[in-house]
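These features come from TrEMBL:
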- 1-16: compositional bias 'Basic and acidic residues' (COMPBIAS)
- 325-339: compositional bias 'Basic and acidic residues' (COMPBIAS)
- 342-357: compositional bias 'Polar residues' (COMPBIAS)
- 117-187: domain 'POTRA' (DOMAIN)
- 1-20: region 'Disordered' (REGION)
- 325-357: region 'Disordered' (REGION)
- 95-113: transmembrane segment (TRANSMEM)
Amino acid sequence: MDKEVESNKPGEESNDKMLTPWQKANMTYLKEKGKKPTWLKKTETEAADEAVEQTQGEVTQAPTNTWKNLPKKISFADKLPKLKTYRQKQLRKKLFPVFLVFGLGVIISLYYISPLSRLDTVVVAGNATVPKEAIVQATSLKKNMDFWQARLDQDIPTEIKQELPRIKSVKVSTTHLNSVKLTVEEYDEVAYVKTKQGYQLVLEDGTLERSVINDQKLNQTYPILIGFKSNKMRVKLIQMYNQISPSIQKKIKEIHYTPTKKNQEKITLYMKDDNQVIGSIFDLNDKIGYYPEVVREMEKNGDIPGVVDMIVGIYSYSLETKEKEELEKKEANKEKEDNEAVQSTLEDTNELNDLNP
């Protein structure tokens, strides 16, 4: 019996420590009787259940550790600083237009009460013959007037061109913050028109300069127009003349308007080499380019000085031939007039004889 008591396993000793005093006494008694306590099975079962529960607890705790690794839920308190920053940004966005309008209003007000809002000077550029003062006086620009009223005035180019026919174009721009710049382009001088008072300049658009000059101030580069009383015909001539090459233009001394019943646009050009060119305004610019070549042929034939007829085709003859033809024409006209006079006298005599039989 003692051996059985001594043969208790170490595990049983640990179980004894877990038993109550009654269980220990009952267990000693049952061992002496050779019986096994029934409540011990229940205890072992409970121990097994506890072991299972412990295992399940460990398994249950595993997911708990996994949830710890997930991001924590942000509380409302944590969101407060970001919300405050967001509201400040939104407030700044709403206030920006207000401050912008207010700032612009202040800047504009300061500008209009400053000297920069007033016209300071008028600068003129591009003028060669027309004085600067005349160009400025032709406008409505005045010193210290509202700058933008002066700058945006669309009538300035028209005012200048109406007052000064020599001005071809006007460009208005800004310079030095509150100054206006007038960049002008002038019409070129192309010819003179001979009048009773003297000579007037003809511009490239056919208009006449108002001033009259004497023959001592003439620029020998430009031809003199004679007989052009019609403004329309003069403008047509200048339009044609502008299409002639400069090398030919330099050879022309005078242009005479010599119309006929059949050709109202007939003109005669007196050249500086003593030749004459006869042509029509509507097509002379297309033919006169052959003039140098025709003159060379005339020199070979000894027809210098001569006449180059460009009305119908192009042909030439010497001035002697022309003078001879004109003389013959005059003589024929004189003879015709004499015959008409004799015939008229005879008719008058016959009428008198009839009245006095």
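Glycine is no exception: its Cβ is also placed from the backbone N, Cα and C atoms.
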Count up the helix, strand and coil residues in the domain 'POTRA' (117-187) according to DSSP, in that order. 20 helix, 23 strand, 28 coil
Average pLDDT across the domain 'POTRA' (117-187)? 93
